[in-house]
Amino acid sequence: MAPSRKFFVGGNWKMNGRKQSLGELIGTLNAAKVPADTEVVCAPPTAYIDFARQKLDPKIAVAAQNCYKVTNGAFTGEISPGMIKDYGATWVVLGHSERRHVFGESDELIGQKVAHALAEGLGVIACIGEKLDEREAGITEKVVFEQTKVIADNVKDWSKVVLAYEPVWAIGTGKTATPQQAQEVHEKLRGWLKSNVSDAVAQSTRIIYGGSVTGATCKELASQPDVDGFLVGGASLKPEFVDIINAKQ
């Protein structure tokens, strides 16, 4: 990892927890040592964004797990970047595979959300990744490059964007991409940014890995030169998330 890229660890709590259990988790995180050279962001369920921001130590930022592409309106069940900021959250996760595959979000919609969230001043954790059949068909690069292009077409300021590579076959399955598999895709993504955006953006943009990251797997993954951090699912609800936060130490 280049010295200029601050290690980034995101915890995606998904649709999990209640005030009591999340309060206990927050207590563990508040007591934890967060290295000065590591940025930590937690993404609670929408209902608990305000609760998390009030309870979490300021050293840990808060993200929403999704947002819509416009400011206000008749969009039942949706949340806008302005509302997310009003809660005190500063990031949003967009394009997660569960949004793509469970809720049918298209690349086009995700790109529109990215553009609006950035215009409203949020940082964006933009997710990309291939399914198992796509990896087995040898089209991993094609898939992730196409997804990245739609995101890139909607980004003016890359300093507010973190790219999260999440192979869909490794999310919640217990299967983790090997450090070599992760590094290979991250290196190719950085090459794509260099060729299609700029060398400066390629060098400065953090590309993080997600997919069954645990306290046991994080150190070797973190040692890869193009792995700049993690987006953690299930393990972010457990005390081992502290070990993952400290993976570079």
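Using the three backbone atoms N, Cα and C, a Cβ is placed for every residue, glycine included.
Record features, source Swiss-Prot:
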type     : residues     : note
ACT_SITE : His96        : active site, electrophile
ACT_SITE : Glu166       : active site, proton acceptor
BINDING  : Asn12, Lys14 : substrate binding site
CROSSLNK : Lys142       : SUMO1 cross-link
MOD_RES  : Lys14        : N6-acetyllysine
MOD_RES  : Tyr68        : 3'-nitrotyrosine
MOD_RES  : Ser80        : phosphoserine
MOD_RES  : Lys149       : N6-succinyllysine
MOD_RES  : Lys156       : N6-acetyllysine
MOD_RES  : Ser159       : phosphoserine
MOD_RES  : Thr173       : phosphothreonine
MOD_RES  : Lys194       : N6-succinyllysine
MOD_RES  : Ser198       : phosphoserine
MOD_RES  : Tyr209       : 3'-nitrotyrosine
MOD_RES  : Thr214       : phosphothreonine
MOD_RES  : Ser223       : phosphoserine
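Within 10 Å of the residue listed as 'active site, proton acceptor', as judged by C-alpha distances, the recorded positions found are His96, Tyr209; the full candidate list was His96, Lys149, Tyr209.
It is 32 Å from the Cα atom of Lys194 (N6-succinyllysine) to that of Lys14 (substrate binding site). Fewest Cβ neighbours within 10 Å among the modified residues Ser80, Thr214: this applies to Thr214. Spatially close to Lys14 (substrate binding site) yet at least six residues away along the chain are Pro45, Gln65, Glu98, Gly233, judged by Cβ distances under 8 angstroms. DSSP assigns Tyr209 (3'-nitrotyrosine) to a strand segment in the three-state reduction.
Counting Cβ atoms from all protein chains shown, Glu166 (active site, proton acceptor) has 27 others lying within 10 Å of its own Cβ. Same-chain residues at least 6 positions away in sequence with a Cβ under 8 Å from that of Asn12 (substrate binding site) are, in sequence order, Ala43, Gln65, Val93, His96, Gly210, Leu231, Val232, Gly233, Ser236. For the modified residues Lys156, Lys194, the largest tally of other C-beta atoms within 10 A is found at Lys194. Annotation: Tyr68 are the modified residues among Tyr68, Lys156, Ser159 whose CA atoms are within 10 angstroms of the CA of Ser80 (phosphoserine). Summary: among the recorded positions (His96, Lys142, Lys149), the fewest other C-beta atoms within 10 A of the C-beta are counted at Lys142.
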